[in-house]
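Asker: First the structure, then my questions, so here it is.
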Amino acid sequence: MTGDITETKQCQLKDPMDLFHSGQVVKICAPMVRYSKLAFRTLVRKYGCDLCYTPMIVAADFVRSAKARDNEFTTNKGDHPLIVQFAAKEAQVLCDAARIVCPFADGIDLNCGCPQRWAMAEGYGACLINKPELVRDMVRHVRNQIDNPRFSVSIKIRIHEDLKRTVDLCQKAEATGVSWITVHGRSVEERHQPVHYDAIKIIKQSMSIPIVANGDIKTLKDAENVHHLTGADGIMAARGLLANPAMFAGYEETPLKCIQDWVDIALEHGTPFTCFHHHLMYMMERITSKQEKKVFNVLSSTSAVLDYLKDHYGV
């Protein structure tokens with residue numbers, strides 16, 4: 001856990017719950033494996049993103065290994081409000097992980113939505129939507145053991161084929177003191193099928209805590225439409241933000257200024273080349289020709305990428 005982490009303790013952490021009570025739709029950067037790290041969070045915050053999540057971290061590894069903590073979690077004093085997302089299946093392990101990040105973050109999120117086979121085989125992610133008592137137990141434990149009443153505890157879920165089961169899960173979590181729930185509007189089996197925004201609307205109408213809608217939000221217009229369709233209090237984007245980190249600021253495609261900002265931020269943070277390059281490949285997807293992609297996507301060093309951007313885009 002590097003960066004200006006000691007200063008973070010002293011600085012006034014922004015309370016995510018204040019965002020949900022602001023009367024505005026909260027714009028959120030999703031937890032994305034490899035991608036929603038500090039440098040990218042810094043970028044999207046410049047372009048209208050209100051709240052950011054870390055990538056999913058396996059709580060047991062995080063608690064057990066200092067190396068895992070340093071690799072998985074980096075922050076600084078500008079990186080707020082920040083939610084650390086954990087994969088966990090034991091209440092005490094989740095509590096221990098929450099206690100470690102509590103001085104440096106504004107809340108934790110329990111992943112109950114990851115549909116990847118490895119996660120479900122380990123008892124993590126989306127298999128938890130079928131264990132409402134365990135979810136309730138984990139939330140209750142964190143609530144009881146973290147002294148800071150402003151520290152949020154949220155969950156991110158997928159929906160069941162039988163929506164009554166999802167509503168029951170959400171109501172049990174709400175009764176235990178969960179701060180808000182993010183709903184990815186697909187079942188565990190669904191990947192690229194249309195998102196069930198009607199299901200998110202029903203969940204929203206059944207709850208009194210904030211609900212965040214997630215799934216297929218690629219533009220600010222999409223975010224507004226989904227808000228109107230579902231009544232959700234927040235909108236979470238993943239791939240839409242990867243393709244256009246300035247999406248929440250209303251840009252239809254990544255502006256050159258945003259690419260310049262990414263270069264500056266990534267170099268300043270010492271971002272590994274592969275990550276630096278991948279982000280640019282996503283950002284430039286819509287603004288480069290097939291021929292340009294062929295050249296750009298096989299560049300193999302930071303200096304080659306910088307030369308390319310300077311020659312072709314004046315960045």
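Glycine residues also receive a Cβ, built from the backbone N, Cα and C atoms like all the rest.
Bear in mind that TrEMBL entries carry predicted annotations, made automatically and left uncurated.
The annotation active site, proton donor is assigned in TrEMBL to Cys114. The annotation FMN binding site is assigned in TrEMBL to Pro31, Met32, Val33, Gln85, His184, Ala238, Arg239. Taken from TrEMBL, the feature domain 'DUS-like FMN-binding' covers 29-292.
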Asker: Tell me the Cα distance separating the residue listed as 'active site, proton donor' from His184 (FMN binding site), rounded to the nearest angstrom.
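Answerer: Computed Cα spacing between His184 (FMN binding site) and the residue listed as 'active site, proton donor' is 10 Å.
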Asker: Determine, to the nearest whole angstrom, how far the Cα atom of Pro31 (FMN binding site) is from the Cα atom of Cys114 (active site, proton donor).
Answerer: 10
Asker: I'd like the Cβ neighbour count for Met32 (FMN binding site), meaning other Cβ atoms within 10 Å of its Cβ, all protein chains included.
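Answerer: That number is 19.
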Asker: Below 8 Å Cβ to Cβ and six or more residues apart, same chain only. Which residues does that give for Gln85 (FMN binding site)?
Answerer: Pro31, Tyr53, Thr54, Pro55, Met56, Ile57, Ile108, Asp109, Leu110, Asn111, Lys156
Asker: Could you tell me which of these recorded positions, Val33, Cys114, Ala238, has the fewest other Cβ atoms within 10 Å of its Cβ?
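Answerer: Looking at the recorded positions Val33, Cys114, Ala238, the Cβ with the fewest others within 10 Å is that of Val33.
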Asker: Inside 10 Å of the Cβ of His184 (FMN binding site), count up the other Cβ atoms and send me the figure.
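Answerer: A 10 Å sphere around the Cβ of His184 (FMN binding site) contains 27 other Cβ atoms.
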Asker: Enumerate same-chain residues with a sequence separation of six or more from Arg239 (FMN binding site) and a Cβ-Cβ distance below 8 A; give 'none' if the list is empty.
Answerer: Lys218
Asker: Roughly how many Å lie between the Cα atoms of Val33 (FMN binding site) and Cys114 (active site, proton donor), rounded to a whole value?
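Answerer: Distance between the two Cα atoms comes out at 11 Å.
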Asker: On the Cα atoms of Pro31, Met32, Val33, Gln85, His184, Ala238, Arg239, which are listed as binding FMN, what is the maximum pairwise distance in Å?
Answerer: 17
Asker: Taking the Cα atoms as reference points, how far is Met32 (FMN binding site) from Cys114 (active site, proton donor) in Å?
Answerer: 11
Asker: How big is the Cα-to-Cα gap, in Å, between Ala238 (FMN binding site) and Cys114 (active site, proton donor)?
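Answerer: So the alpha carbons of Ala238 (FMN binding site) and Cys114 (active site, proton donor) sit roughly 13 Å from each other.
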Asker: Starting from the Cβ of Pro31 (FMN binding site), draw a 10 Å sphere and report how many other Cβ atoms land inside it.
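Answerer: I count 25 other Cβ atoms within 10 Å of it.
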